[in-house]
């Protein structure tokens, strides 16, 4: 299920565009997630009160959290699959503290793909989308394996 060197290069090329504005991309990803899967908003006490897209766009906290999410994901992607040290604490907090189901990680992966395609269509064609999907699936599978070790049925 690993990615080839060429696939990792596609992933990291588009990720370079994301890093130019992590907070903006992250905010868009979270807004997309909450819009397409409103049930996910319930896991975020800090954002539950945000009911409209305009409220979400105006939220500095949402922007900060988007930055945090994509910063962590970027660190994982740059490890090109050798990300156990990054995955363990993330899985620990998401299983025991936040109780985030793996399904929600699928939802945010879909949101990431959507946002990258809408913001960077020239750099995120079918090959890059397929590579990113594979990288995000690898990430989810490794999180799920850690969840299982922790006894979390997410």
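Cβ atoms are placed via backbone N, Cα and C, with glycine included.
Per Swiss-Prot, the features are:
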- 65: nitrite binding site (BINDING)
- 65: O2 binding site (BINDING)
- 94: heme b binding site (BINDING)
- 2-148: domain 'Globin' (DOMAIN)
- 4: phosphoserine (MOD_RES)
- 68: phosphothreonine (MOD_RES)
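Location within the structure of each feature annotated in Swiss-Prot.
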| residue | record | Cβ neighbours (10 Å) |
| --- | --- | --- |
| 4 | phosphoserine | 10 |
| 65 | nitrite binding site | 18 |
| 68 | phosphothreonine | 13 |
| 94 | heme b binding site | 22 |
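Residue 4 (phosphoserine) sits 28 Å from residue 94 (heme b binding site), taking the C-alpha atoms as the reference points. In this structure, the C-alpha atom of residue 65 (nitrite binding site) lies 14 angstrom from that of the residue listed as 'heme b binding site'.
Here the Cα atom of the residue listed as 'heme b binding site' is found 14 Å from that of residue 68 (phosphothreonine). In the predicted structure, the domain 'Globin' (2-148) carries a mean pLDDT of 96. Residue counts of the domain 'Globin' (2-148) by helix, strand and coil are 115 helix, 0 strand, 32 coil (DSSP-based).
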